[in-house]
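Down below is the structure, laid out as structure tokens.
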Amino acid sequence: VPRGGPTCTGRVSTPATAGHLFGAGGPQLDPITAPHSPSRGTHPRAQPGGPGVRRFPPGCGQWPPSGAPFCWAQGVGEKEQRPLCARAPEPALYDLQALPSLQPGSGESYSSGPAWGGGAASAASPLLGTPGEGWGRMQGTSWPRSVAVTPPMGPAGVSPPAEAPRRISPQNGAVPGERGKQDKSVKRGNWGNQIEFVLTSVGYAVGLGNVWRFPYLCYRNGGGAFMFPYFIMLVFCGIPLFFMELSFGQFASQGCLGVWRVSPMFKGVGYGMMVVSTYIGIYYNVVICIAFYYFFVSMTRVLPWTYCSNAWNTPDCVGVLDGNLSSHAAVNLTHLLNATQKRTSPSKEYWRYVLNLSDDIGNLGEVRLPLLGCLGVSWVVVFLCLIKGVKSSGKVVYFTATFPYVVLTILFVRGITLEGALTGIMYYLTPQWDKILDAKVWGDAASQIFYSLGCAWGGLITMASYNKFHNNCYRDSIIISITNCATSVYAGFVIFSILGFMANHLGVDISKVADHGPGLAFVAYPEALTLLPISPLWSILFFFMLILLGLGTQFCLLETLVTAIVDEVGNEWIIRRKTFVTLGVAVAGFLLGIPLTTQAGIYWLLLMDNYAASFSLVIISCIMCVAIMYIYGHRNYFKDIEMMLGFPPPFFFQICWRFISPAIIFFILVFTVIQYRPISYNDYVYPTWAISIGFLMALSSVICIPIYAIYKVCRSEGDTLLERLKNATKASKDWGPALPEHRSGRYAPAFSPSTESHLEVQPLHPEKAQSEAAAASPVQGSNGLAHSQDSRL
């Protein structure tokens, strides 16, 4: 309401007088959506001279001692005029807990303190309506903590209340027309602003895979031709799934477990997400700890993997910068590479020295103390950044999510100025159109999009749950998805410009030096950096970038587990001690990661990477789509999004969610099964028992879904199996927006006895109010909540 403008907040409850509200001689206001600003226009039913409307002469006076004007209005068929509208000096939010004398009733005015108006029985609240309809009937809300009200004023002879209500600063994030609503969850917390959410989600989606996997997939699957299926899968699968998970978490303001109030039988999907996030969080931080180690050892004048003169080098080591390597030998190094399999680069031998690899996955050997120390450092960093939840991590991402792009740009500018860089970039981008008809290329594109965006990990749902209810997550999903894919393409230029320079220096084909995964990050690229002037500087920047990329994903993985635990318990005790929950999860992750720092650690790391988060993610995502679109119902979900965003999801997304995206997910699953090959590392082939453990890890997340579904069906009410299934899949009564201010429409709760017990109702017409309350029989809504007949308007 504009400062100093009329604030008519009245509503007539009886049919005979509905719509006949107007200030004395002032603009006519909409009785259904009041309060209104005069600039909002008038309601057609309240125009002067309309059907059944009587215009009254001005009846405005002043309220001593403030001199503030007030106006009178009178409903048709009523004998006396009542104060309805007041000109407030300043509209504001007031805490209802500071208004103990606020008394609901069935009239059209309200007071704080003594009743004012035509008589002692006329004190009422314009927002409450009739007792049978509940608080905030016209706004469709339940008792909120704060509402927009005006300072209490009354006719002459009535003094204002002795104690002014406590003011609350307006909260941003509410949609127009809901300025009095509070869009922040004080109990659970929210992002400081939307930039924090976008940066956190970008840091979550943009990870190590964007740097060490996408460029390799691109050149292996046809170079520039791979971009076509890649972006097709982004549009039809990546962005729709990203939008679905963001909207799912934001609507319910719950983590990956709490959101399954939408269909409790499928809560096992949330547990499966937690298991997957646990596996990834354990080994992902080990990769970060290795990057920390390389970052620390790069702080020297000469990188330790530059020459073959170190104690850990073997006679087979051949370095590109060794003094005994003549230029002629360097040019003919390709013959040396092909002639013997024993040739190793100093960077590869240093990698073996760091890991001190054992000969078998079952031979753990000793713990590598340098890596153990770096693992502790990485977990301490993650814990400190999440010590206050999203409040602290939201500030950290301003650096961790943006600085990698600074480093990428520095490395790109340095890379393209090197000789042979253009050859590497052309090798990266030159399209091989014949491969576009290969199903494997499309499968790789779909898989890369799916895994790169972090779908079905639970992190997207968790991060979105801290958004304000009316945040435009549709816009955010498009921005974050496109940023993620653009980063992958950009990283390809950075990688292949350096690899092209290295291949040109060695006189070999790029395929001889190109690699992916840890081999690219810790062997091929570090060796290429040794050829640059001031190589320690570029090495520090590169590994610092890897650390930040990993931390951005690790933040969300840890927060996913902590949020799920805290939301599931849900009491005040654990909410106040969320920091200790974070500490407990971090300590557990550190202890579980210790085996990965042993001499056989790299074998276990790759085993977890290949099995713990592979086809199980595809199954989880597919079941989630089916549960939301076909069990809960696509129409219900589309209405939920419209209530949250103000508009339904675009028709394209509706089609993708219902048909296209599930079909693509199923295609990824089939492709993963067909293309399955037993895992190996260099020349080492994993034994059968190790592969069996890998399948058990993958199965451990998927098995949560049927186990919990059976448990829920057995615990549900019903005489027959069909009744139990219906009750187990039906949305629970507490499904919906978390804040009472947002529970409108079919989510609007009725008065409970505990709510009405502390309210003193003083109807203007007791006899008429009793008859109306008896006539307003409750109706069971679609979500199991009781509504009155009149509340369905």
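Heads up, residue numbers simply count up from 1 along the chain you see.
Note that Cβ sites are derived from N, Cα and C of the backbone, with glycine treated the same way.
Curation plays no part in TrEMBL annotations; they are all automatic predictions.
TrEMBL has this to say about the protein:
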{"type": "BINDING", "residues": "Gly203, Ala205, Val206, Asn210, Ser452, Asn484, Leu549", "note": "Na(+) binding site"}
{"type": "COMPBIAS", "residues": "779-793", "note": "compositional bias 'Polar residues'"}
{"type": "DISULFID", "residues": "Cys308-Cys317", "note": "disulfide bond"}
{"type": "REGION", "residues": "1-61", "note": "region 'Disordered'"}
{"type": "REGION", "residues": "153-186", "note": "region 'Disordered'"}
{"type": "REGION", "residues": "750-793", "note": "region 'Disordered'"}
{"type": "TRANSMEM", "residues": "227-248", "note": "transmembrane segment"}
{"type": "TRANSMEM", "residues": "269-296", "note": "transmembrane segment"}
{"type": "TRANSMEM", "residues": "402-429", "note": "transmembrane segment"}
{"type": "TRANSMEM", "residues": "449-466", "note": "transmembrane segment"}
{"type": "TRANSMEM", "residues": "478-503", "note": "transmembrane segment"}
{"type": "TRANSMEM", "residues": "537-558", "note": "transmembrane segment"}
{"type": "TRANSMEM", "residues": "579-605", "note": "transmembrane segment"}
{"type": "TRANSMEM", "residues": "611-631", "note": "transmembrane segment"}
{"type": "TRANSMEM", "residues": "651-674", "note": "transmembrane segment"}
{"type": "TRANSMEM", "residues": "686-711", "note": "transmembrane segment"}
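A distance of 38 Å separates the Cα atom of Gly203 (Na(+) binding site) from that of Cys317 (disulfide bond).
Recorded residues Ser452 (Na(+) binding site) and Cys317 (disulfide bond) have their alpha carbons 36 Å apart, per Cα-Cα distance. Comparison of 227-248, 269-296, 402-429, 579-605, 611-631 by number of C-beta pairs under 8 angstroms to the transmembrane segment (449-466) places 227-248 first. Its Cβ placed at the centre, Cys317 (disulfide bond) has 21 other Cβ atoms within 10 Å.
Take the transmembrane segment (579-605) and the stretches 269-296, 402-429, 651-674, 686-711: counting Cβ pairs under 8 Å, 269-296 has the most. With the fewest other C-beta atoms within 10 Å around its C-beta, Cys308 stands out among the recorded positions Ala205, Cys308, Leu549. The stretch from 269-296, 402-429, 611-631, 651-674, 686-711 with the most CB pairs below 8 A to the transmembrane segment (478-503) is 402-429. Long-range contacts of the transmembrane segment (537-558) within its own chain (CB-CB distance under 8 A, at least 6 residues past either end) are made by residues 200, 202-204, 206-208, 210-211, 277, 280-281, 284-285, 287-288, 291-292, 294-295, 298-299, 303, 378, 381-383, 385-386, 393, 396-397, 399-401, 403-404, 407-408, 410-411, 414, 454, 457, 459, 462-463, 521, 525-526, 529, 582, 585-586, 589. In sequence order, Val202, Ala205, Val206, Asn210, Ser452, Leu453 are the residues near Asn484 (Na(+) binding site), counting only same-chain partners six or more apart with C-beta under 8 A. Close to the recorded Na(+) site, the chain also has Val202, Tyr204, Gly207, Gly209, Thr487, Ser488, Gly552, Thr553: residues not among Gly203, Ala205, Val206, Asn210, Ser452, Asn484, Leu549 whose Cβ is within 8 Å of the site's Cβ mean position.
When the stretches 402-429, 611-631, 651-674, 686-711 are ranked by Cβ pairs under 8 Å to the transmembrane segment (227-248), first place goes to 651-674. Long-range Cβ contacts of the transmembrane segment (269-296) within its own chain (Cβ-Cβ under 8 Å, at least 6 residues beyond either end) map to 208, 255-260, 354, 370-371, 374-375, 377-379, 382, 456-459, 461, 518, 521-522, 526, 539-540, 543-544, 546-547, 550-551, 553-554, 557-558, 560-561, 564, 589, 592-593, 596-597, 601, 604-605, 608-609, 612-613, 616-617, 620, 623-624, 627, 697, 700-702, 704-705, 708. Leu549 (Na(+) binding site) sits 31 Å from Cys308 (disulfide bond), taking the Cα positions as reference.
Outside the transmembrane segment (686-711) by six or more residues, the chain places 265-269, 271-273, 275-276, 279, 360-362, 603, 607-608, 610-612, 614-616, 619-620, 623, 678-680, 728 with a CB less than 8 A from a CB of the stretch. Taking Cβ pairs closer than 8 Å, the transmembrane segment (651-674) reaches residues 233, 236-237, 240-241, 243-244, 439-440, 442-443, 446-447, 450, 614-615, 618-619, 621-622, 625-626, 628-629, 634, 638 in its own chain, all 6 or more past its ends.
Counting same-chain residues at least six beyond the ends of the transmembrane segment (611-631), those with a Cβ under 8 angstroms from any Cβ of the stretch are 241, 244, 248, 262-263, 266, 269, 272-273, 276, 279-280, 283, 450-451, 455-457, 637, 657-658, 661-662, 665-666, 668-669, 672-673, 679, 694-695, 697-699, 701-702, 705, 729.
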